[in-house]
């Protein structure tokens, strides 16, 4: 069964915006502490109206210039800004107002930090300031309330509290006891800020308005083109200027209402004005505010192009009317409507596509339940009362009832009931998961069958779902390093394009006068009835306007954030949480993958893999032996003893065991005790149903487990053989030395079997009953079934795979050989794991570290990409860049594969955007005019709109990504699988040449060192631990080191 992140504690993801590699840098300290060393506050601002990277850089640059703001991070696709500020100088409302002054919509979002300890209430019944004082003073005196503020004008109260001490319902009850009414201010649990509905509606309206006025203009233009063509055909393309003027004068649209003003120019003007100043109103507002703050964006280019075309046309029309011209001037009134139609259509489609990029996050947010049924239980666990409350009012420790088909509102533990839960949308686990008393449940998952009573362990923003949503949102807010190039380009793009446009205008005016044949031959709108000067100027204006229209910084600005948003969303749907654009980009560069062993390659829990009977079944049936051994080890607190007891209970099908008396543990050797009352366990067991030599041939190894020890062995004499009829057994469980000291001989075949197990990294112990050797039990930490396939796949991808563990070299080598790893660092202390990762990095390799424990967290932080297994500790999850929700090593392959696919998509987007601009701008400028390639302004605007839409659609192709399944990987690898041999594995002990003088080991290092030495002693009686200083003996230890047993001659 795949498991989620630890149910005991919430995920605390590391902010993707803080560079973990530069924790000591001045920049980092300034970001986190502020220039003066003050601790800044952080707020989130929802921003609307951003279209490209120029908007992002405009906001970031201007906000950073405001007093009291330390850092700003704006996410284009998430429409959100994260701002760190000095609360003594400014506040979120002022920051939002600064954003609005830049021409964008802005509102303050809920602060994520400590949001479970913030409560906003509507308080009714207050009449004066004394009511306010009464509520505030009562609340702040209550234990657990940190801060309380009540506003009489708005009837709202803001309370900060310690969720461990007091809950929201308690606070509401306190206010109601004072005679006031209090209710919760509802939070927005939807993804309304991600659906882009307002922007979609705005651009749809703009497109329809522009289209309404553009269609007649386009109709007139097409009519004139057709009529000109018919005239040319009728005159065999040899029409004179007089012929053209006569033909045009007979056309209805070319008739003059009065000299200089034709019907067509008047209609074009009337249709152009609404589009220019109503359909283009948004562009004018944005451009004005951008230029006001000394910035330029895509809107500036659009306004320049349309305004120049409109102004030029209006001026020449007025001049023609003043001069009472007989020939109608050729205007550009058709250009603005057509530009706005294509641009607004492109923006509309772009916003629709953008809304699709955040679907994954929207789905996650929609999983959150709105209400919960809180029940009160009697002493016998029967339900006394039920109350339907808002999910934000549920407190830790509450009993929550979840009916079939309902969503789990909180993380918790099942107290009563049996059911199945659908956790597929959160963990990616396709099959329903069984829930019974003691099982953990995840908020947002769906209860399928029976009703359940759940004790709430994590509520509000502490639930797994809330933490995943927070992590994904922060990841989509972050920027990939490659995006910095796009931001820099966008900052200079608009001034550069304006310069190119001006140069194009000047260049074609000069070329036109020097060689008019070029204009005459290639100008698509050339009319012989106009003068050469007008033709040259008109052609130059058309080329310069086309340059303004076709240039598109939006495609560059959208290339990275759209792909990052889709990539992180797809990863979350597949159980891979990637903390931002940087690790998403960095993972594809990884060359070495370093795995921790215990809990990562292995399950991290000892398990019995074989029970080999030594005596005949008629002397000691297997079921009776299991009952005796399980009872004896039931008193042990040691993981190996617990594993034996668990195995015996499972085999016997019972949770009850016999009686154990006179329990004595001999550190480094074994245990001795007396067992009775086991006959009742065997009534339903068939003592002859199992073969005496049954074995389970699963290849496994022992875990890094702390084993207490002592250097003061207890010497005991052999006990006399007990009669079976008494049902009291003298039991000895331990290693070879323990059996020898009790005068028990070990058969050569048993000794060889033990050696074979030890070679494979297992722990083998012997069992004697009534002074007769009865069985050998092999215990190991099982290798995860997908580990070998994951390692083979990574190797086939050209990656170097390394195993790094604090365990002994023999075990490490055995595990490495089993899963196909050829390079091992064994007996490595936690503090030295960082040095090993650093050593690989200094060799010029990009390193990914995969781990799950506290001792892995420094190495996870040091690695270029830290990958934490979801069942690991909070510290490891905090330090990692990638969190695997499920305990599945194939997700390591999936995370790297997703990174490669996403980066490839980003590069495709960038290449397309760059090629588009590098090729499109010269074409628009007329560079390729000699070969007949020329564009008109409306063509440029259509191409510009298409470029932005195509980049977003390209990123949306990532939604088709499917994580490689085990079946596909097996099929891809084919017959390359082979069992590795021990000789293939290269083992490096400890720090080797990296060992540094250390005057004092840390507490963690000493514990791990002691644990490792203890485990070493379990493997073989050939290891010496004479130099190891051990702690006080544990009376519950099973066996620790055979070398600690003093020799005793029988």
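Note: Cβ is positioned from N, Cα and C throughout, glycine not excepted.
Nobody curates TrEMBL annotations by hand; they come from automatic prediction.
Averaged across the domain 'HMA' (41-107), the predicted model reaches a pLDDT of 83. Look at TrEMBL and you will find 41-107 (among others) tagged as domain 'HMA'.
Among the features that TrEMBL reports, domain 'HMA' is placed at 117-183 (among others).
As annotated by TrEMBL, region 'Disordered' applies to 1-20.
Under the heading transmembrane segment, TrEMBL lists 207-226 (among others).
For 257-279 (among others), the entry in TrEMBL reads transmembrane segment.
Summarising the annotation, TrEMBL assigns transmembrane segment to 300-322 (among others). Cβ atoms under 8 Å from those of the transmembrane segment (300-322) belong to residues 258-261, 265, 268-269, 272, 276, 280, 283-284, 287, 290-291, 328-329, 331-333, 335-336, 339-340, 343, 494, 497-498, 501, 541, 544-545, 548-549, 551, 937, 941 of the same chain, restricted to positions at least 6 beyond its ends.
With a threshold of 8 Å between CB atoms, the same-chain residues lying at least 6 positions outside the transmembrane segment (328-349) that come near it are 51, 200, 203-204, 206-207, 210-211, 213-214, 217-218, 220-221, 248, 254, 256, 260-262, 264-265, 268-269, 271-272, 275-276, 279-280, 302, 305-306, 309-310, 312-313, 316-317, 319-320, 525, 527, 530, 534, 538, 541-542, 545, 549, 937-938, 941-942, 944-946, 948-949. Per TrEMBL, transmembrane segment is recorded for 328-349 (among others).
Sequence annotations record features per position, and here TrEMBL assigns transmembrane segment to 492-519 (among others).
Per TrEMBL, the feature transmembrane segment maps to 539-559 (among others).
According to TrEMBL, the transmembrane segment annotation covers 910-932 (among others). Sequence-distant contacts of the transmembrane segment (910-932) (same chain, six or more residues past either end, CB-CB distance under 8 Å): 482, 486, 497, 500, 504, 507-508, 518, 522, 543, 546-547, 549-552, 555-556, 559-560, 940, 943, 947, 950-951, 954.
Here TrEMBL flags 938-958 (among others) as transmembrane segment. Long-range contacts of the transmembrane segment (938-958) within the same chain: residues 305, 334-335, 338-339, 342-343, 345-347, 349-350, 353-354, 356-357, 545-552, 554-555, 558-559, 562-563, 565-567, 570, 901-902, 905, 908-909, 912-913, 916, 920, 924, each at least 6 residues beyond the stretch ends and with a Cβ under 8 Å from a Cβ of the stretch.
Helix, strand and coil counts under DSSP for the domain 'HMA' (41-107) come to 22 helix, 24 strand, 21 coil.
Long-range contacts of the transmembrane segment (492-519) within its own chain (CB-CB distance under 8 A, at least 6 residues past either end) are made by residues 54, 296-298, 300-301, 304, 526, 532, 535-537, 539-541, 543-545, 547-548, 551, 553, 556, 921, 924-926, 929-930.
DSSP assignment over the domain 'HMA' (117-183) gives 24 helix, 23 strand, 20 coil.
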